[in-house]
Amino acid sequence: MAVGGAGSSRSVAPCCCCAVLLAAALLFSAPATTEAYDALDPNGNITIKWDVMSWTPDGYVAVVTMFNYQQFRHIQAPGWQLGWTWAKKEVIWSMVGAQTTEQGDCSKFKGGTPHCCKKDPTVVDLLPGTPYNMQIANCCKAGVINTFNQDPSNAASSFQISVGLAGTTNKTVKLPKNFTLKAPGPGYTCGRAMIVRPTKFFTGDGRRATQALMTWNVTCTYSQFLAQKTPSCCVSLSSFYNDTIVNCPTCSCGCQNNGTSPGSCVNENSPYLQSAIDGPGKWTGQPLVQCTSHMCPIRIHWHVKLNYKEYWRVKITITNFNYRMNYTQWNLVAQHPNFNNITQLFSFNYKPLTPYGSKINDTAMFWGVKFYNDLLMQAGPLGNAQSELLLRKDSKDFTFDKGWAFPHRVYFNGDNCVMPPPDAYPWLPNASPLTKQPLTLSVLVFSIVLATLLAYA
């Protein structure tokens, strides 16, 4: 037995080594984190376009434009921060429509002082109300960029930059590298700058086109995994066929007794509510949410409201629990297998998303109607938005059983919301054939016994 045990240990050792080597190979051959990916928006990205418009004695003047090609993810306040590393010893002489966060060490310049001398500058947008002589088209929105789906007129942000100590021809210019984008926090990964065909610009009447002297693009993609954000929304559920209201999971976005952030919530009926809202955090943008079991700034409630012969109705309510923030141009994305049969929608805009191809239409984007409910007010009596959906039943798939009527996934403003566990969903009342069988059998037995007794009576 001892010999057999030793032999088995010797035979296992090579297998273990092989397993370790295989695991290491898989680890090092895995895709790099630069391949950011969002399952509901696989082709979404932020494209940064540099158009060199003119050459200067020691460099060039370029217009930099950021396009938000994401389906549903805005760049929200406090806005984007764009960074890069210069390839040589370039400096920024001046900027229009944006500014760097630091000037850096410009002590070697005896004459005019550059706007920024840092090797790795960080650029931010200017605020609304900036003087006209410091503006350029599509600038000065505090770094906020909406999506093309929802607001195409505000889906880009631009600034002009004058670069010195740089190349002065297409062949001598060295492209910046190591691009970073915070919008406003982490989550975006940017690729290398790639030279593309020069951008063309058309006159107002469309009869003449000019073009940039040189153009390069940088593509940045988003990943929830890289962002590692604390959840900011949660989902609760209810239905007409079950009295159970499934609340957001406890501590979905935090816990009330979290000692690391004291004073981060206030009770709805607290006499100190207004003083808490006007406290020091008001000017820093620090959230102040209503004290709840879930502690989320946003709750989405999905209520299965009515059942008709050929249709069924759902009510969606979005509630803001943040006393210090309202949400402009908010949007909601949800997944449900019956979204391909949406018949009517009340008080929300709607667009189907097809992340898996045109044959699968189970993802929908909703947003508010302009001047009606596109602004989700801060917590309080007006801090909610509601809509109802009328959906046609699909005879092949439709059922109220096993939580089918509830969404698989919900996003608010691009953030994945915390869902209740599936076993907590409101289910149909227990009426399966198995539960009726004992009652039916007992009645049958009683009938047979009664018939037998009557026969011998």
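Using the three backbone atoms N, Cα and C, a Cβ is placed for every residue, glycine included.
Remember, it's a predicted structure, so these values are computed and weren't measured experimentally.
Per Swiss-Prot, the feature signal peptide maps to 1-35; the stated evidence is sequence analysis. According to Swiss-Prot, the N-linked glycosylation site annotation covers N45, N170, N178, N217, N242, N258, N326, N341, N361. Taken from Swiss-Prot, the feature GPI-anchor amidated asparagine applies to N430, supported by sequence analysis. Under the heading transmembrane segment, Swiss-Prot lists 437-457.
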Cβ-Cβ under 8 Å from N326 (N-linked glycosylation site), same chain, 6 or more residues apart: which ones? N320, L375, L376, M377, Q378, G383
Same-chain residues at least 6 apart in sequence whose Cβ lies under 8 Å from N45 (N-linked glycosylation site): Y69, Q70, T219, C220, T221, Y222
For N361 (N-linked glycosylation site) and N170 (N-linked glycosylation site), the CA-to-CA distance in whole Å is 46
What are the sequence-distant neighbours of N217 (N-linked glycosylation site), meaning same chain, six or more residues apart, C-beta distance under 8 angstroms? T47, I48, K49, W50, A193, M194, V196
Look up N326 (N-linked glycosylation site) in the DSSP assignment and report helix, strand or coil. coil
Roughly how many Å separate the Cα of N170 (N-linked glycosylation site) from that of N178 (N-linked glycosylation site), to the nearest whole number? 20
About how far apart, in whole Å, are the alpha carbons (Cα) of N178 (N-linked glycosylation site) and N341 (N-linked glycosylation site)? 46
Protein Cβ atoms within 10 Å of N242 (N-linked glycosylation site), excluding its own: 16
